[in-house]
Amino acid sequence: HSTQPHDSDYTPIRCTVPRLKRTVVGCLPVLYWLPRYSIWDYGMPDLIAGISVGIMHLPQGMAYALLASLPPVFGLYTSFYPALVYFFFGTSRHISIGTFAVLSIMVGSVTERLAPDNDFLIMINGTNSTEVDIASRDSYRVQVAAATSILAGMIQVVLGLVRFGFVGTYLSEPLVRAYTTAAAAHAVLAVVAQLFGVSITRFSGPLSLVYTLVEVCSKLPQTHLPTLVVSAVSIGFLIAAKQINSAISAKLPVPIPVELITIVSATVISFYIKLNGIYTIKVVGEIPSGLAAPRLPDTNLFREVIGDAFALAIVGYAISISLGKTFALKHGYKVDSNQELVALGLSNAVGGLFQCYAVCSSMSRSLIQETTGGKTQMAGIASAVIVLVTVLKLGPLFQELPKAVLAAIIFVNLKSMFKQYYDIITLWRSSKVDLMVWFVTWVSTLLLNLDLGLGASIIFAVLTVIFRTQLPRYSVLGHVPGTELYLDMETHREVREVPGITIFHSSATVYFANADLYLEALKEKSGLDISKMIIYKRRQEAKQRRREKRAERRAKRRAKRENGTVFVMPMTPRASGDQCSWEYLKGGGDPDSATLGTVSELQDGDTTTLGSSSEDTLSRDLDKVSLGSLGKWTWDIHSIILDLSTANFIDTVAIKTMKNIFHDFGEIDVTVYMAGCQVHVVEQLELGGFFSETITKGRLFVTVHDAVLHCLGHQGTSTPGLEYSLEIPCSSKL
């Protein structure tokens, strides 16, 4: 006989061409759709969408750089490099990768904390006064932002490679919307100084928003009126133009580039009127032409920004994947969560080498890309080309652009985030728990800053999940006549109770946190107080043993009165709960001449001797009444079915609880069954040593209906109104 293993005993791992192709395409999704790209079908829609998004990139890139406390040109860099990287690695066809207000303000809090103005003060020649070395400060802030972006990207890549894409599911929609709403408040205070033309100190850490608000209010008397006029005019023009744009958008092939028109007009007016020279209105200043060479920032910064980088990684991914899945569902394609993590991480890491800061998808730009007919990420390439041309050739033309105009663009764009306050009304009507998550997220983000606020929000959201699984809804199920359905008897009037059977259902998984609550709820719903009933049973058993001993002693004494040798033994084997009579031999010393006598088991204080008396019958009836007063009558319920269809796992604590349930109810002659267990739950029961000679797999059933049929057939009962077939298929049991 050959001892060599058969080929079917193992599956060898071979590097086949199809396997290699799937692996490469999985890492580079562009190789899947680009060879199938149809220029005739997709070329023109992608070009129009790309130009529209690219035009939006210019004002938003420069404006959001102010939120990050960086020179505007680095916002343009951030709108270019990450979009190119995402083109090769991303799986969404419609999201626009680049600058975003929330991430920009988060980066700004890091740069302001690690590179405050006070660290770059220099003496003015010939005076005792000081001024900020803006060039040195901005150079160091760029390094801080780049280091944060690289580290956030590395975190995202690692999470994607270890298949941790589901981490975004822990950031629920109410949490993300509340977080972005609170972040909008931080963004408003960050740009309000530019709107009023005053200089303020940006604070970091807990209560930084409160300190910044106090600082802004204290500086309002120093408002620069020309700057305020420019801000007011820009805000008024943007709001009016956007309203007109939305009103006639259905009649236009592409939206009117309101923001681009605003910055071009403001730049031209500023150049000819000399707003900077005559009215001392701050302008963007020098914008270098060309692209900077890649370089690695100071690695010592990584230790100081790791917490901020992690927060940026999680928030950026949550925003991007939510938008990506929304568009994918609408247009009928799939977005890979893990690959999106890798794509976004590489966009951040590579972008950081080129002095970009952290990016994610933009809601406004993604919506424009989708509504203008964009079909693939070729639209992202077209928008990147627009940004590239601006950086190489057109950048210096915007040197006279007032910073107040960029601040006005940010302020108006945040209007959509402030509309999210309507979520309070919606959540109040739909879910109070989600409303609590929203409110706690909003308050913690406002008061604890963006990084600590995110951590506190996630912790609270997880606690709500634990709380809801620890306190699930417990119910007793009844049968829907004419079907195999079993529903909650309290909420459905048409269901009928199956006599003699309690079907117990929990809305959540049974695990260590709610195992005790599960047992208590089972006792309450079944009406059987197991603890009291077992105690009472044991007391009755102890009384029975005492009766037997007294009966034995009486038999011996009576035999002695006959002056003979006594041989005392039970007349019949004693069954649980039965009376027992004792047999003895009476007579002289010769056993052969002895005669047979009997004495019955007596109650406490009884003096009668023979047979089963009326007092014995009364005692048994009293026992039944006493047991019934503790709950349901023990003979009314013969079976309990535990519906575990909602359990997706079971731990060791829950296994012990289940064992106790089977054992305790078994002591009062109630048989317990399980129904609806998933295969891996059964495997966990096996590994936990749940099954034994007394608890076999015969107690497991695929459905509740199968278990009910078994219980009725086992008891030999037929229930009026339930047309059950007592023939159970072999496949019913697990």
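Keep in mind that glycine also has a Cβ here, set from the backbone N, Cα and C atoms.
Between the listed ranges 44-60, 95-111, 673-689, TrEMBL ties the annotation transmembrane segment to 95-111. Sequence-distant residue pairs (6 or more apart) of the transmembrane segment (178-203) and the transmembrane segment (62-88) include at least 3 whose Cβ atoms are under 8 Å, placing the two stretches in contact. Proximity of the transmembrane segment (309-329) to the transmembrane segment (95-111) is established through 3 or more Cβ-Cβ distances under 8 Å for residue pairs spaced 6 or more apart. Counting Cβ pairs under 8 Å that are 6 or more residues apart, the transmembrane segment (442-467) and the transmembrane segment (223-240) reach fewer than 3 and are not in contact. Listed stretches 62-88, 95-111, 252-273 were compared with the transmembrane segment (144-166); the greatest number of C-beta pairs under 8 angstroms is found for 95-111.
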